[in-house]
Amino acid sequence: MWCLFFLSNVASVCVHADKADDDLEMTMVCHRPEGLDQLEAQTNFSKRELQVLYRGFKNECPSGVVNEETFKQIYSQFFPHGDASTYAHYLFNAFDTGHSGSIKFEDFVTALSILLRGTVTEKLQWTFNLYDINRDGYINKEEMTDIVRAIYDMMGKYTYPVLKHDAPKQHVDAFFQKMDKNRDGVVTLDEFILSCQEDENIMRSLQLFENVI
Amino acid sequence: MATGVAAWLPFARAAAIGWMPVANCPMPIAPRDNSKRQDELIILNVSGRRFQTWRTTLDRYPDTLLGSSEKDFFYNEETKEYFFDRDPDAFRSILNFYRTGKLHYPRHECISAYDEELTFFGIIPEIIGDCCYEEYKDRKRENLERLQDDQEENKDMKLPNMNFRETMWRAFENPHTSTMALVFYYVTGFFIAISVITNVVETVPCGSTANQKDMPCGERYTVAFFCMDTACVMIFTVEYLLRLFAAPSRYRFMRSVMSIIDVVAILPYYIGLVMTNNEDVSGAFVTLRVFRVFRIFKFSRHSQGLRILGYTLKSCASELGFLLFSLTMAIIIFATVMFYAEKGSSSSKFTSIPASFWYTIVTMTTLGYGDMVPKTIAGKIFGSICSLSGVLVIALPVPVIVSNFSRIYHQNQRADKRRAQKKARLARIRIAKSGSANAFLQSKRNGLINELLELTGTEEDEQKLIKSTSLLESQHHHLLHCLEKTTAHEFVDEQMYEQNCLETVLQSYPSRSPSISSHDSSMGTCCGHRVKKNIPLPNASVPPAHPVPVHQGPLQELSAIHIQCSDPSSHTASRSTLNLKADDSRINCKGGRITTAIISLPTPPALTPDGDGLHGPPQRRPPPPSVSNSSTDVLQ
């Protein structure tokens, strides 16, 4: 009996140790990106640009991956007036194509490549992906309302004119008016791309960030 | 926007594409980055140690030196790097700030050196990270306190224009300022002691008279004690009134602790005078006499330690309060328990809970008088628990108070030590400075030797002497020379000045001019005593760029301008001593020379060996004439 007691203690200690090791492992996860050449081939960036991007990325996330909390923090720093966490959450999901819960440098740079150097269609596809929160191929009103509300949240409280409570809803209604061609209550990818290509403002604004890097 | 994440701005802007389809109106035009510089490495050469970083790293903080165009001032074209002549160790933390966005304070670094570096590079210290901020603030506070202590001592030096009231106040506050103050200090201390001893001795039984039993001395020698008391109270009253008169802010003085103690100390006497020997109030009168013991607190003006103790108690008020509170709680608890435990036993002394308070206090403080003892078993058990817990409860806050006291006490010790060190330090600095002043005089003589040699034409000697001064020295000397020319006066050393002084006195005695009186009054001491007067005089022994605080008594370096008349053929000679403030009206051209004096008190006379040189006959030379004789001595 005494032996059993002793052994059970030892076992529990071992289990605890393993658990501790697991915890330790999880916090120490480190990721190295693929080689520079591969990334250059996969994206539309030059080597120098990739270097610049990686240095900024690694500076902020020395472990090589960004988790959602850090992502939200970083993004919120650019919008001090309001609350950018909701939109950052959607952005994070859009960046994290593998749904792994963390963004690696490859994901980061791939998305940036699309956004900054991609074709119009690619950009619109990416944006559709962002809006389609549940990834079912359709944007419905609730998803769109969530997105628009998240965008308005970033504005904060002090705006001119004063933000009315139903402003997101009105915005969404206008959006659907424009995008939903067959009035079925959802927007598909094709409807989306078509409607956007018809709108000059959107086309022009998509080219706005060509030379960000 | 936090510039630390400036590297992620492109990402944030790219993500803005997500808003575009939602937007209803056209977007503004994006700013163009016209200076399309590729990111390049910048080399920062700090005292030889090369640091390299990307240009964009430095650009993160554009309101600092390295991030703005200010660094172009430090750019070296040949080596294509930025050179800073600063401390490379401190620079490490500054560059890390650019890299990581967090400024750290390295603990081994001196606080003022670090502050200077931060100021130089245009970084405000408030952004020091949380990890290091507390340490930084603590060190900064210590440094400030140290500086304040030094300043306070400087304040103690007598300011020239203090009226009587201010002088008196200073004398009261700091007895070491003058002899009168010291005398006053000791007299009051003596009388306080006398008063306290009188109070004590008053109650001692003094031997019995024939018909009565032992009487306290106070009742036997009433008159004597009354006189003593009166004398002391007179002194204290006078002192209080004087302090009240001299105080810069009377209202604040009256509210201060010391003045309240003073008032409480002398009030009983006056109240006793006023009140008659009425039976009703005599009891109260006796009580009042108790307040006379407060006179002993007047000693706190005399004792630094007592003041520290008082200050400690004040600063530990919260700990003391906690101690008191926890003790009270414990006392009440244990008293209640003991009362109920001892209720059963007969002839128990624990008659009520308040009566048990006494037992609890005596037990908790481990006094144990034994006048109240529990008899039941339960009482004994609880009694032992009480004494054990008493030790604990009292032992807990005491270390805090002790450590506070120790800290304050050590601070004061440090202040005293610093004061002593300061004297030694300043003495050494003085010697070094006078060394440089004398170097100037030396070089001047050498310069005159050169002139002499020029006239006589021996070139080798001239070259020898020219080589003896370095370029820096010669430039410095040239500067002082320019100053001499500007003011039309010259520098000489102390001995020469004294001699000139004496000569002037002797020569000026026959002529009746207004400034004679000042000479007469200080004939033998014209240079000695006068010189010690705290007149703010221009200090000409060091380059004018360094203002020497003139109101340091013993350190004063006077530039006393003393011009004797030279030959009538020379330029305008006005006879003046600085003591007399340049009396232009007197021109006594009985011959003499123009000399100026630098007086460093005390200058080691060994450095200026040629005081005798001036006694030679007046030289018929164009100015500057006077030191030529000494130059020949130097040659020898």
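The backbone N, Cα and C atoms fix where each Cβ goes, glycine too.
What TrEMBL says about this protein:
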DOMAIN    B:38-107  domain 'BTB'
TRANSMEM  B:180-201  transmembrane segment
TRANSMEM  B:221-242  transmembrane segment
TRANSMEM  B:254-275  transmembrane segment
TRANSMEM  B:320-341  transmembrane segment
TRANSMEM  B:353-369  transmembrane segment
TRANSMEM  B:381-402  transmembrane segment
REGION    B:600-636  region 'Disordered'
COMPBIAS  B:627-636  compositional bias 'Polar residues'
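The listed stretches are B:180-201, B:254-275, B:381-402; of these, B:180-201 has the most Cβ pairs under 8 Å to the transmembrane segment (B:221-242). Residues of the same chain lying 6 or more positions beyond the ends of the transmembrane segment (B:254-275) and with a Cβ under 8 Å from any Cβ of it are 229-230, 233, 236-237, 239-240, 243-244, 281, 285, 288-289, 291-292, 294-295, 297-298, 300-301. The stretch with the most CB contacts under 8 Å to the transmembrane segment (B:353-369), chosen from B:180-201, B:320-341, B:381-402, is B:320-341.
In the predicted model, residues of the domain 'BTB' (B:38-107) average a pLDDT of 88. Each residue in the domain 'BTB' (B:38-107) gets a DSSP state, and the totals come to 24 helix, 19 strand, 27 coil.
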